[in-house]
Amino acid sequence: MSVSKATNEAEIRQFPAPAPASKAEAPTKIEAPQPDVTIKTPAPPKRSAKRFVLPVLIIAAVGAGAWYGHEWWTTGRFMVSTDDAYIQGDITAIAPKVTGYIDKINVVANQQVKAGDPLITLDNGDYTIAEEQAEAQIATQKLSLDRINAQTEAAKASLQQAQAGKLAAQAVLTNAQAASVRANQLHATRFASQSQLDDATSALDQAKANIASADAQIATAVANVGVLEAQYKEAEGTVRSLQLAKDKAARDLGFTVIRAPVDGVIGNLAAKTGDLVSPGQRLAALVPVNALYIDANYKETQLRDIVVGQKVGVRVDALSGDTFEGTVASVAPASGAVFSLLPPENATGNFTKVVQRVPVRIALPADVLASGKLQAGLSVVVDVDTRTTPAK
């Protein structure tokens, strides 16, 4: 009890008693505490985002559809497109035409060359000797021609001499015949002796023998001339043969320098100095960059409206979509399967129909080729504009 009483007194001392109110002051009105009530205004309802996105999407879809529809109607339905198309070129194989050791390589890989530029040089020692030997043989044979020609002229002179001798013998024969006739007449009338008749007869026989000898000399001279003329023709044939051998040697000597047949760029250079090469051995490839074209493999169902001369839009993958215009140059006479190494045989076994593709060649403009941006083998996308069909 004492502890509780002391505690109450301490609490009373901590809170002093209020001062007595003055007599003039009115009594204080104590208001009851009001509860703290906060009235919250309800927020307006949020509209769903779908109500804005959906109309926008619908409008965008309708606009895109209208745009694509307009593009298809005005342009797209006239285009025949394929991405199965590649830049091609008639690549030339650089190969020797004669056997020899490579003495010098005058180009490097990827170098631009002009037609006629020396690419590879072979050792030409043996071919130079062969040409000089042919020239020496020709010179010797020409001397033989001169000798035979001189002999022929001498034989012709002998022939003329024999012919002149025959004329003289013919005159002697005529006189001998006349003398023999007179001697026979005189001998018959006893005005000539037998000795005179015998002399006349002997002279006639001698004249006849001279004629026979002259004929033999003429025949011999004619034969000699014929033999010499035949020898001359034979020697001329030998000279022509030797000249051909010389021309071949000179040609082979020229082939020791392998030159570029066309303008282009060197690729796949495999030649090495000192290598022994033979005719036809591929040493490099020459790509004619100014004569490239496109082979587009169109489906057979796309060929109906494609004709030669139509304009073609070309997009090259390697040029980041750059476009330029080409021209349909030709359409292959058969599908690619016909020209394959093993053409399909559909007459045996089960048959599965496969859409065939036909190559269409597209010519490229000269300015695009001259730019040097195109390489053989690049992929392209082509669009043939069937509205540009040339008038027949």
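Glycine is treated like the rest: Cβ placed from N, Cα and C.
Taken from TrEMBL, the feature region 'Disordered' covers 1-44.
As annotated by TrEMBL, transmembrane segment applies to 52-69.
On the 0 to 100 pLDDT scale, the model's mean across the domain 'Multidrug resistance protein MdtA-like barrel-sandwich hybrid' (93-287) is 88. Under the heading domain 'Multidrug resistance protein MdtA-like barrel-sandwich hybrid', TrEMBL lists 93-287.
Residues or ranges marked as coiled coil in TrEMBL: 197-252.
Here the domain 'CusB-like beta-barrel' (294-334) has, by DSSP, the following mix of helix, strand and coil residues: 6 helix, 21 strand, 14 coil. TrEMBL lists 294-334 with the feature domain 'CusB-like beta-barrel'.
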The domain 'CusB-like beta-barrel' (294-334): which same-chain residues, six or more beyond its ends, come within Cβ distance under 8 Å?
-> 79-80, 82, 84-88, 355-365, 368, 373-375, 378-386, 388-390
